[in-house]
Amino acid sequence: MCTTPQRLRKCSFTPLSVRSIRGGGGHVLVLDACGQVHACGWNNRGQLGLDSIRECVNEFKVIPGKFFEDVPVDIIACGWDISGCITMSRKLYVWGSNAFQQLGICQRGFTSIRKPFHMQLPRNDTPVRISFGMRHTAVLTDDSKIYIYGRLRTSDNCPEELNIVKISQCAMIAKLLPRLSSELRIQNISSGQNHLMMHLAPAEDQAENNAPSRRILVMGDNKFGQCNAFQFDEEIVQIATGWTHNAVMLKDLRILMWGRNCYGQLGLGAYTENHPTPMELKLSSALLPKEIHMGSEHGLLMTKDGDILTWGWNEHGNCGNDSTSNQSKPSMVDLPTSCKMAGVGAGFCFVICDSTN
């Protein structure tokens, strides 16, 4: 492990061209400005998408563009041992583990796929977001439906606002009830280990009324209160999930978190079993949040000035503070310059710093 930030000196991309970074259980995907995807790390299930049987790849490699029909990639996502993307032509590709049919392939014998596989949605629906849990894949479409593949126990905590129908042995579809769909749409999704959070916004024809998007729905395992749903007093600008906890950033830059807290992953300054209602992440008034990222049980915040703060589970040095002790509140990471981008995996973090000598 590395308990302090280490500079990556060899990579297949130009750091300042990076558009997004996503991490899984032990692998990383990087999307660059040209729409190319770069991968490294754990590959036991083919989650790097390199069509390789190597267990681990310790430097970044470009996933061949021909796997995406030479169309640039727009969005990337990682799960524990699975990966996926949506191209500029709105085609959905997935690769990695299919042990729980989370790739949408229900036939026996397909336990994993080592290169990108085009997942065709029913009715040729258009994907706009993709998110992975431990054993499920969730795909949001442009008409506000969510296709869920693999295992996600919706019976434990199913919001009354949703209609959920099983459409095959390994897939189901979730959508808002007709009485709500004329006013609301599902704008974004984010998967935890065994739960799925949905950000609701006004329907397209209601957007002109300037109604803010303040509402969250959650379904799945609710052992730690992570599936409790809320309507906030300010517009939601970002959502994020860890394995068993959630975060939202509001327009006034407050960050509210709820769910499990045994490792300090809610950043409240104490270790408690859970908080079923949102608690505000306490930050200095001089720090203006820009974006928040959730690992499995740790968090990362990037400020508008490019500072990085981390907290929570730190067994592998994932908080980058030269320690392996858990951190119950946010602390600044010592980096050579300000940062322009960040990303996390289950137990690690990545940041892109400004150019430095």
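Cβ coordinates are placed from backbone N, Cα and C, and glycine is handled just like the others.
Copied from TrEMBL, the annotated features are:
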{"type": "DOMAIN", "residues": "5-350", "note": "domain 'RCC1-like'"}
{"type": "REPEAT", "residues": "35-89", "note": "repeat 'RCC1'"}
{"type": "REPEAT", "residues": "90-143", "note": "repeat 'RCC1'"}
{"type": "REPEAT", "residues": "253-305", "note": "repeat 'RCC1'"}
{"type": "REPEAT", "residues": "306-357", "note": "repeat 'RCC1'"}
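Secondary structure of the repeat 'RCC1' (90-143) per DSSP (helix as H, G, I; strand as E, B; remaining residues coil): 3 helix, 25 strand, 26 coil. Note on the repeat 'RCC1' (253-305): its mean pLDDT in the predicted model is 97. Remark: secondary structure over the repeat 'RCC1' (253-305) totals 0 helix, 25 strand, 28 coil, with classes taken from DSSP. Across the repeat 'RCC1' (35-89), DSSP classifies residues as 4 helix, 25 strand, 26 coil.
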